[in-house]
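What TrEMBL lists as ATP binding site is GLY93, TRP94, THR95, GLY96, THR97, GLY98, LYS99, SER100. For 85-227, the entry in TrEMBL reads domain 'AAA+ ATPase'. Taken from TrEMBL, the feature signal peptide covers 1-26.
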Amino acid sequence: MAAVTRSCRPWGSLLELFGLVSAAAAAWDLTSLRCNLGAFCECDFRPDLPGLECDLAQHLAGQHLAKALVVKALKAFVRDPAPTKPLVLSLHGWTGTGKSYVSSLLAHYLFQGGLRSPRVHHFSPVIHFPHPSHIERYKKDLKNWVQGNLTACGRSLFLFDEMDKMPPGLMEVLRPFLGSSWVVYGTNYRKAIFIFISNTGGEQINQVALEAWRSRRDREEILLQELEPVISRAVLDNPHHGFSHSGIMEERLLDAVVPFLPLQRHHVRHCVLNELAQLGLEPRDEVVQAVLDSTTFFPEDEQLFSSNGCKTVASRISFFL
């Protein structure tokens, strides 16, 4: 078995990817893209889109739609010196399909400090908004936090994880920031990026992928037009989703709904080989096979898609080494 070829900027382990060790992004000195709201802000925003494309191509398995949508949206946004609104992306799909991985790559390739940059803000419902009864206080705090940080630097990235667990109504305070009219005291809030991550719509995406497989269609033939309506309907029909009672979807403030397809056996194999390469280890057939054998697949009859995607690959490799 040949080793995985890696020509992009080297990463450490998956644990490093998610913030335990930060890596400075390669500088891409495009003066027109620099934030002009302070020295550190100007230095910290360094989008490396070629590096992002390379990393996505080599390490994001089975997600042709997500790769294309994210790269296209980012290219148009960061190359526009005067965007008409912030970039707002909503990532949807089954667990372990790459949503958090992609959001981490975005932080890494857009900001010099990656996830540790003071311009990157990561919100989790479990950590930041654990008590639904405190919703009014959370609304006030979130609005002040976003407004304060955007005033300090318009080139900021806001990541909202597990949107299906966010208190309904909380995201309403973000609505004024996501449109085209939020310019205050000379600060251009339209240069911000908002990323929302959710499992909602995952079952519907899986069903479309399963029907395509049963019809002998290549998964690369699955189109966004097939997935976007069912994802949007799943979100709107879910009263517990963070977008509920926010008006964000109804007012079409999302620039793209980004679907992540369920991963098949050969995609999980790709993840195992990537992780071994990141650990500096040669591919070992017995380790790869052991990880695959320990992975649960569904539906019961076809055994087609991984139940956890690639989410547990790193820990399973450690167990079988």
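A Cβ is built for glycine as well, from the same backbone N, Cα and C atoms used for every other residue.
What TrEMBL annotates, mapped onto the structure for a quick look.
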residue	record	Cβ within 10 Å
GLY93	ATP binding site	28
TRP94	ATP binding site	25
THR95	ATP binding site	17
GLY96	ATP binding site	21
THR97	ATP binding site	32
GLY98	ATP binding site	27
LYS99	ATP binding site	25
SER100	ATP binding site	18
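Across the domain 'AAA+ ATPase' (85-227), DSSP assigns 75 helix, 26 strand, 42 coil. Same-chain neighbours of the ATP site beyond GLY93, TRP94, THR95, GLY96, THR97, GLY98, LYS99, SER100, judged by a C-beta within 8 angstroms of the site's C-beta center, are, in sequence order, TYR101, ASN199, GLY202, PHE260, GLY309, LYS311.
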